[in-house]
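Structure, as structure tokens:
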Amino acid sequence: MDHAADAHRTDLMTITRFVLNEQSKYPESRGDFTILLSHIVLGCKFVCSAVNKAGLAKLIGLAGETNIQGEEQKKLDVLSNDVFVNALVSSGRTSVLVSEEDEEATFVEPSKRGKYCVVFDPLDGSSNIDCGVSIGTIFGIYTLDHTDEPTTADVLKPGNEMVAAGYCMYGSSCMLVLSTGTGVHGFTLDPSLGEFILTHPDIKIPNKGNIYSVNEGNAQNWDGPTTKYVEKCKFPKDGSPAKSLRYVGSMVADVHRTLLYGGIFLYPADKKSPNGKLRVLYEVFPMSFLMEQAGGQAFTGKKRALDLVPEKIHERSPIFLGSYDDVEEIKALYAEEEKKN
């Protein structure tokens, strides 16, 4: 009997243990972040359970309301939003919440306030629920740097000021990918234990990938650099093999694959959406934060994505993120275009 292997299997690094270990590196820490994260983790477990039984519990149908983005809300969207708002408020560690589903920011009542602001998309890719495609929750965390009354300005900060970001993907397995600014780590939910276990320590994206991920249905509306780049992916002139196209249409699934296998995810501006489609605070920033922490890059077509300073909580931006070398290529095409102009 292999006792060493058995011991290894029973010495599980749960997400709570992992975050506590990180916390111990900072003697001045009071554990507020650990408590906040435990509430986010609970929200993810709740939503994972709801997603898994959505068809059976009739949570799939439209709720008959339209959210701030003009998208009809599904019941599961509404439920997920309620779960995360309640989990974050009850943690006693937040002051401002921004959700994709709510038109205005939520300001926590004074007695329950803490030093963090959380921006999140409670259920990204929810149009894919009916067909069982992977969907997910995306979140980013800022620190409140004053004790005055919180305002929207507390979250309208560049992404480089985030202290943590992550996503939870509800697919063939439930996986939570997290960065607190010291690398990227992946935790998989063990359903028998009800715990997220560290399965992907220190994720590093390959420097170059052979996959590109974009909605080619919008190709006729793209600008020059995006058109040239995708053409180059499909018909390389330097003798290298063509890249493969992989596009799910659920940002969490597409970015997750890009993070693990390498390549590039593109959601460019086009004639229909001149400012891009993805929201800066709770889609572009968290995913860009994770990509950079894993050794990749994130670019808006004009600048480093994390250097953007949003002016509105639901502001949108184009985004190109993924392997370092692949993003370098599209940056070069935009630089070329700028020289011409």
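In case you wondered, yes, glycine gets a Cβ from its N, Cα and C as well.
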Among GLU100, GLU101, GLU103, the candidate listed by Swiss-Prot alongside ASP121, LEU123 for Mg(2+) 2 is GLU100
ASP121, ASP124 show up in Swiss-Prot as binding Mg(2+) 3; which entry in GLU22, GLU28, GLU231, GLU283 does that record put in the same site?
GLU283
Of TYR116, TYR267, which one shares the substrate site with ASP124, GLY125, SER126, SER127, ASN215, TYR247, LYS277 in Swiss-Prot?
TYR267
Of ASP121, SER127, ASN215, TYR247, TYR267, which is closest to GLU283 (Mg(2+) 3 binding site) if I measure between C-alpha atoms? They're all binding-site residues.
ASP121
Can you give me the residues near the recorded Mg(2+) 2 site, meaning same chain, not GLU100, ASP121, LEU123 themselves, Cβ no more than 8 Å from the center of the site's Cβ atoms?
ASP77, SER80, ASN81, SER99, GLU101, PHE120, PRO122, ASP124, SER126, THR137, ILE138, TYR282
Whole-number answer please: how many Å between the C-alpha atoms of ASP121 (Mg(2+) 2 binding site) and GLU100 (Mg(2+) 1 binding site)?
5
DSSP three-state assignment for GLU283 (Mg(2+) 3 binding site):
helix
The number of other Cβ atoms within 10 Å of the Cβ of SER127 (substrate binding site), counted over all protein chains shown, is 14
Which of ASP124, TYR267, GLU283, the listed binding-site residues, has fewest other Cβ atoms within 10 Å:
TYR267
